[in-house]
Amino acid sequence: MSDSKEPRLQQLDLLEEEQLGGVGFRQTRGYKSLAGCLGHGPLVLQLLSFTLLAGLLVQVSKVPSSLSQGQSKQDAIYQNLTQLKVAVSELSEKSKQQEIYQELTRLKAAVGELPEKSKQQEIYEELTRLKAAVGELPEKSKLQEIYQELTRLKAAVGELPEKSKMQEIYQELSRLKAAVGDLPEKSKQQEIYQELSRLKAAVGDLPEKSKQQEIYQKLTQLKAAVDGLPDRSKQQEIYQELIQLKAAVERLCHPCPWEWTFFQGNCYFMSNSQRNWHDSITACQEVGAQLVVIKSAEEQNFLQLQSSRSNRFTWMGLSDLNHEGTWQWVDGSPLLPSFKQYWNKGEPNNIGEEDCAEFSGNGWNDDKCNLAKFWICKKSAASCSGDEERLLSPAPTTPNPPPA
């Protein structure tokens, strides 16, 4: 840096000398003109001396200022060069960074496309073949559903009371299940599946699984048809037998709606939700029934058993709302004296305005009518023949006596 400053200083010195020489030349000419005008006298000499001294002082005073300006210009040029160098350096680094970024981007794209195309193609072809193979498989789901429906039908028929018939029906249904599972024609399988579904629904609606003999005979005929198939090809015979079996089931008597229980010519509904006593009356009326009114000891034992099995507090249609201490059924009939034995020990006690009767444990209890409890509805059953009615009616069971 010092080497570059010395030539600059020399140039500045020469420039100052030229400026001084030019000024002296111009001043000399002025002096001569003045002397020519005024003549050669002492006054002229003094004036000339004074003028020369003043000019010299002015020029000397200018020299440091010029040197200072030159130094400032050099510093400014140096600073500009330094900034330019830094800018060029940063520009170079940024261009390198940009180039590296672009290369990395291209490399990333290239690497992303590198997975083994041959392996991918092989996997794709294998998946395609597997998809086609699975698509050609027979409808296993339908066969499985047929199997499940037959299993449920077997369980439903297996609940019939006559154990000897039940075992034979169970075995025949097991063989039928295996035979139908092997049938090849899908269209016939679909028809069989639909018929079995309808048959399942029909059998499921039977209140007490009646007409065992007729079902047993139809299953025997169906077994003979299945056993006589040489190559499992006579599916039409199986189909016809199923149609006949379905018709036989549909002819069976349905004295009570689904989810109602048949007993001695009446149907009973045990609720799964809870209401107060008045709302329970309304709920029974909405289904064409009434809150249960007990007419016999057998009916009482049957209902008490149903309630105690579920361990529920259940409303009956009995209260003393009209007259305290006078218990009356919702149909207006009074409570018979012989029925008072069904009250639990110490009941009814009318503690806190307890005016409605409920099944509680192994007997009856009075409680507040506004409490929510389960309830039992009762209505007459549909007409069936005497034989069927005997099959539908379970034998009454006497509940355990209340604890002492």
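Just so it is clear, glycine is given a Cβ too, placed from its N, Cα and C backbone atoms.
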Just choose from Cys253, Cys267 the cysteine that Swiss-Prot connects to Cys256 via a disulfide. Cys267
Disulfide partner of Cys369 per Swiss-Prot: which of Cys356, Cys377? Cys356
Need the cross-check against Swiss-Prot: the disulphide partner of Cys284, picked from Cys377, Cys384. Cys377
If I go by Swiss-Prot, the feature motif 'Endocytosis signal' sits on one of 31-34, 83-86, 219-222, 391-394. Which? 31-34
